[in-house]
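One structure is given below, encoded as structure tokens.
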Amino acid sequence: MSRFARLLLIVALFFTGAWAKTVKETLRITWKEGAPNGQARELIYTNGQFPSPTLVWDEDDDIEITVYNEMAKNVTVHWHGLDQKDTPWSDGTPGLSQRPIQPGNKFVYKFKASPPGNHWYHSHEKMSLVDGLYGAIHIRPKGDRTGLWSQISQDKDDIKAMENAAHDPEYLVVSDWSQYTSEEYWKISTDSGLLVFCLDSILVNGKGEVYCPGQKFLQAELAPGLVEDAFPPGTEVSDKGCFPADLDQVQGGPWNITKRPDLIPPRVQEGCVASRHENATIVVDPSRNNGWVSMHIVAAATIAQITFSVDSHEFWLYEIDGNYVNPRKFVSAVMSAGETFSVMIKLDQKPGRYTMRIPNSGASQVLGGFAEMVYKGCESEEKTGKAYLSYGGNPTSPDVEKNSFFPWQLDTDHMSPWPPNKPRPGNADEEHLLVLGRVGAPYNYTMNTKYLYPVDFQNDDPLLFYPNATRDTENDGLVLRTKNGSWVDLILQVSTLPGDTSSFEHFMHKHGSKTWRIGFGAGVWNYTSVEEAIKERPKDFNLETPGLRDTWITAFSIGGEAYWSVFRYFVDNPGPWLFHCHIELHLMGGMGIAILDGVDAWPEHIPEEYQLC
């Protein structure tokens, strides 16, 4: 090698190292009493705080995180939205990539900080997300985003200001909260024979209150037409805003089990007890970044479907699930459990205190959530501004409804990737039909007609190390296998199983890769291929500008009409990846499936430190 060539190599290595640095983090997981909404219960703390610390890295950093389990129960940590390319052993999913971290033990996760954007991390052991292990992740990008910001403003100062604002955003981790731990909550359902999904609070950055505005107020806050379309005449919510637990429209069936609503403890469904505590306050400075502020929002909810709005402030939605999208302006946006949004807000209003309204917008419960956005220097305690949402999440005017983001409406959920990124047209190489719904009990959920994914499935023999462990067994119905380099279509059908024709929506999350939603329609999927469906229903498909995400809603009709969705992805990341509903009750009830992507190129050289003993 010549002296000049060696010099070039040294320079190249220098700049490569300048981009990629090693970042080491330590997370200590503990269990103790706390009262984030003013009412005490035991919960998970991470490094002594709740929610877990926000982690900020640069794209392509080498990340090394040591997790110490100082609880008396198992834990794992999943890095939601990170692709884990070439590091499937660090995905944090028990039974697929690792064994659970047992009490007193530790586990070291190593991976690249990729892709850039807004992500989050959370526990993935049983229903323990309910107990509070979740935090935001922000991976700052290397690339130029001028083309993204120029869709919002052509002003050069604005473009630079938005880039700076996005580099240093505000973080909102939004979660739902119950007075019961995850184990207690699940036991209520199995003891009573009823699916219970009534909550106490919506928290923002671990802060909130318990509101008891009265039953009549809550009844008036029901979404227009909800009772008429979905429930028997005269159905009323409780003083917590919850529908009666034993309604057939809620529980489905009939199931061959005994329903015991009398075994639901007091204050679960009704018997609201208010508590004054504190709501999160986000202080914003209109003198910085030309008056622009970016907010990264994590829907760390376990049941609720939340709606985000800030009084008197429009926002530009520019990122979903860590993927940049062509920005669109809204006044409110519905987020499903597991999703992440990034929004850009212009601070162009009178300095003051503006309420951030973040209610549950799903059909499960009328429940309000709040925080405050306060202009820096504002000394008044009085709130100001025009509300876009009511307590229960209803638009306050027809104009608000027209300018809101609804994931179940394709005209508003047309958020195409920036820069353009579309899937292969025509047929995929593989197609898999998954029929979702309930089987046997109100709390049992399946993704393939009948099989329930156990929460401890393959915990002792993770599929990364034993990919053929389920072959020739009934458990192989819980596993899909794909080939490396193939295009795959996942066809999801909802509301067709016996006893589950009025199924609630599901929030479907795939580990290891994002998917394009290329098709979506009402009815029963009875086509021999996606290609046939495209020919017969071309208006229900979009292969030119489909959205690209890792979490999608399966739309539903409250009246019971069936729906299907088609998700396409390219297999280039061999490993065992969980595909599941991000509603914790549904996953606990069995709504998951293991996808072994690239079985013909399975990881052979697993680092020694990750090898099983």
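Cβ coordinates are placed from backbone N, Cα and C, and glycine is handled just like the others.
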Listed in Swiss-Prot for the Cu cation 2 site shared with His80, His122, one of His432, His506, His582: His582
Which recorded positions sit within 10 Å of His511 (Cu cation 3 binding site) - Cα, from His80, His122, Asn256, Cys581: His80
Where His122 (Cu cation 2 binding site) falls in three-state DSSP terms: strand
For His506 (Cu cation 4 binding site), the one of Asn74, His80, Asn468, His582 that lies nearest, given that the recorded positions are compared by Cα: His582
Collapsed DSSP category at His511 (Cu cation 3 binding site): coil
Local Cβ density at His582 (Cu cation 2 binding site) - other Cβ atoms counted within 10 Å: 27
Additional residues around Cu cation 3, ordered along the sequence, whose Cβ is within 8 Å of the centroid of His124, His511, His580: His78, Asp91, Thr93, Leu96, His509, Trp577, Leu578, Phe579, Leu587, Gly592
